[in-house]
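Annotation comment: Swiss-Prot describes 936 as active site, evidence class experimental evidence. Residues or ranges marked as Zn(2+) binding site in Swiss-Prot: 935, 939, 983. The annotation region 'Disordered' is assigned in Swiss-Prot to 268-291.
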């Protein structure tokens, strides 16, 4: 339309440089920088480009002498053209400051900032100060957001569109303001009343109108579904799906499913999905118009009037507008054929005002391959990680990072194995170079996939000199020592070693050498387990130490045929000689203990995979076998102790030699029996003493008994009498008298006979004291130090006598008074009655403490409600069998004596001990801690199904105190959940949950289907 009341002007800077506008085209749209192309004229033919380029300028559309529209911006392009009679032509492009962001690109990281915060920082960096944010919804912080080489403008638009933000511009004479908002419906409406529609031909209307209106509807995506994955909640698919609006005129089954959804928190999933759907349906209902009302501005709604179709006379919002205008100079300045006058028209795309229009989402930049980075952390630290083993890194491209713990977010590290509380773990250490890849090529999802050596991190051994060595070598934390697993593949000299610098401890296997880097001097073949510190070898089911040959592991690892044969032969010899001695008045031989030990060695490997068809195994015995002999030597002392018997058998000779003393003590009998040879007891230098301190000594021989003293005398003394007998004759010395009796002759031969008065000679007889035989036993824990007080015990004496009691505060039994030493067996025992008593007391105390709570119920407002994630986690196990709205999580003790790491759930609420408090969402915790949550939710389930968890739990804890673990269970055929106590039920449900999440539902069902067949609807 040509209008004499229209005028276009343009000035640069502070109005010091003005141009005549010949033509202009302004293209502006929601979520796009505007572009104003101007064709200008000036009577100046040598304008300094410095005065124009990159300077602010203002275009004004005047109507009826008043400014109807301003467009303010920055000059991006300036061209000087041809000159006419008095004027020179120029061309110019005016854009917003936002367009300058397209000129800059960067590699950088934003951490823990929301998108509105990132956009604000980005614009401030470019000095876009006329900026207004209108935020009506929550925008969650992004833990990690990377600008991966894309332009600042692309980053701005990508983040804004992902978060459902739209932007447009508002103008005045001196500035243009960028307006950004997450709601479009509440934005500006144009001033000056409704926009008129007129179907009259262009140019026939006395006032600005829209003279063309075309309305269209397009079939577009009807539903948007998205999923994403978070390792913190691996069982939750984070699926969100939304249906579009105004689907009356199209099918509703057109679904777009996108993965990944590019969100890591469920709270961001819905708005992300909503924004994406709105972007796909941005032109589902659209109108195309043309006219000459300059008030149409993208983002500013207007009311339409005058259209013959009533429902089109509604509120509309322009999303794109193209303005064109011409303003030609007078004939005296141009050619005679130059057009005259002013014209202006526009074309626009509209959407209904109530449509929350969004642009199509922009793709994230893809990183096509892995990158190199360096692990970083706090100053003075060597290892810096979180509970997931994640680390922080410094990328070479990051100019803003400071090589510290703030350089990046926590980044996950790929490990060789990663199971539920099992797997491989090697945390990259500060200063190490790592390879960082990106999940789905997403720059915001880095993951460490490998490590590499470099100039500052050299391999453990110099290469290629020691290329035959393979090793896993660690470094002492804040130290210089190491642990190492080394494999040496040197030809004909292969070996392996597991080593620790602490105590120079190592297990060497194969061809043993000194370290290769130090020359590799041979030091043996086979294996060596050594340490400069202490060592121990333990085997709970038995241990075989043998030098019997077994080439290439050709038999079972407990092959003990030779040692069993030797033990059987020794047992047979001991039994034969012992029985013979017993039959000939020797001390009886008890072969049963030796036989028991021999059988234990015989059965040592029973139950193992190569002896599975036999018994379940013998006792945990140690068997030593050396075909060439066993030597034990020490320059100090050697002690051999046995709680029962020591049996020493030699098929030939047993020789005991001591440089000084040989001392043999026995609490009962000592028997020496030589079956076929001599028994000699000789003291070469000192005296020989043979005593029977409380009984008799008998010297008996089938032939002769000889008593002699080579140098001095033989003295025979007795307190009562001495009698010598032979062949019926006798001599008795008694009471100071001598009595001779004989059946035959009495012959006295002497050179002289002397008969004098009475005389006597007294000899001092030895005195024999009774030894101390009373004893008291002390019961101690396995550590040998901690006493066991108040433990019931039973002592069984060798004669069958039984003594019962309870240990005192020091763990001691009562004093046992016996006349002689006895063998005794001590047993600890549990009694049911104390457990029942304590259980009753515990239940009574628990009931007394909580009687008010039992009567009135727990405070329904205390603590916090379950989160959405916690409910979802619990529903995966309990379904809808729990009223989740009544469950409260309380960071407080239920009873004063609740332990710091204990959790109680006695009344439908869960009470956390001090060390377990402060968890915002248990569904985001580790799998094992989620298992704890499921265990406690089982008590909530029990409570809601009628179980008095408080009283039953008190009884159970009493049994736990006295009788041991009440949590351990064994799944048995035919038993369901009701056949187990409440703590076992909690552990069963927890283990079902863990197995389901670790190995899959099929595995969990195969193990727990029987016990949980009525669960969760009942027991």
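Glycine too: its Cβ is placed from the backbone N, Cα and C atoms.
Shown here: features listed in Swiss-Prot, placed on the structure.
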residue : record              : contacts (Cβ under 8 Å, 6+ apart)
935     : Zn(2+) binding site : 986, 987, 989, 990
936     : active site         : 903, 905, 910, 986
939     : Zn(2+) binding site : 905, 906, 910, 949, 953, 982, 986
Checklist outcome for this item: the region 'Disordered' (268-291) resolves under DSSP into 13 helix, 7 strand, 4 coil
Checklist outcome for this item: Cβ atoms other than its own within 10 Å of the Cβ of residue 983 (Zn(2+) binding site), all chains, total 22
Item to check | Check: same-chain CB within 8 A of Zn(2+) site center, minus 935, 939, 983 | outcome: 905, 936, 938, 982, 985, 986, 987, 990
